[in-house]
Amino acid sequence: MPIELPGLFYQIPRNPAIAVGLPLALGMLNGRITKTSVETWFENRRQPPGQPPRWAFPVAWTYLYIGMGAASHLIVKAFDAAVPGSPLKLVADSALKLYWAQFVLNQAWTPLFFGLQKPLLALIDIGALTPLVYKLANEAYKVDTRTAFAFVPYCLWLTYASYLNAGFWWLNEGKAQVDKAKKKDL
């Protein structure tokens, strides 16, 4: 049985200001809510090699949120213009479903990592998010090639962010957890 999106999830990206504004506003809200955790908990932990300066994250995410919102608008425009039942309509519908799935995972990452201070849960989240966005990029490109300007940088950033998340977990919790589990097995 195919998954059907509620009509609201088609309406939101039809308005370009809302399509861009929603991910940007929610991303900024997530950043504000977790600011204290970043300044206290995160800054006092070991960082993996290649960790960028703190200012780079809001700059990168601003671009990525604007891009993903704009891309969702391009996808829904193609969906609306396509003939019902056509391959383009089906691919655009698939891309919109992938967009909203990645949006949920994307918005969950910051509260998991910074809010709950659970880097392993965040790693599981980003481990699902990253291949989903690669799939989205592929589907969206079939609908409108301009979406590559948003989704290719997003894919690259998520790959890098996955490394940072995994490295942070390993350096601060993971190695100790693995060593402890190994000792139990002996």
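Start at 1 and count along the chain as shown; that gives each residue its number.
Cβ coordinates are placed from backbone N, Cα and C, and glycine is handled just like the others.
What TrEMBL says about a protein is an automatic prediction, not a curated fact.
If you look up TrEMBL, you'll see 55-76 (among others) marked as transmembrane segment. For the transmembrane segment (55-76), the residues of the chain that approach it from at least six positions outside its boundaries are 10, 12-16, 19-24, 27, 31, 92, 95-96, 99, 103, 140, 143-144, 146-147, 149-151, 153-154, 157, judged by C-beta separation under 8 angstroms.
Per TrEMBL, transmembrane segment is recorded for 119-137 (among others).
The transmembrane segment annotation in TrEMBL covers 149-171 (among others). Outside the transmembrane segment (149-171), and at least 6 residues removed from its termini, the chain residues within Cβ reach (under 8 Å) are 45-51, 60, 63-64, 67-68, 70-71, 113, 119-120, 122-123, 126-127, 129-130, 133-134, 136-137, 140-141.
Cβ atoms under 8 Å from those of the transmembrane segment (119-137) belong to residues 95, 98-99, 101-102, 105-106, 108-109, 112-113, 147-148, 151-152, 154-155, 158-159, 161-162, 165-166, 168-169, 172-174 of the same chain, restricted to positions at least 6 beyond its ends.
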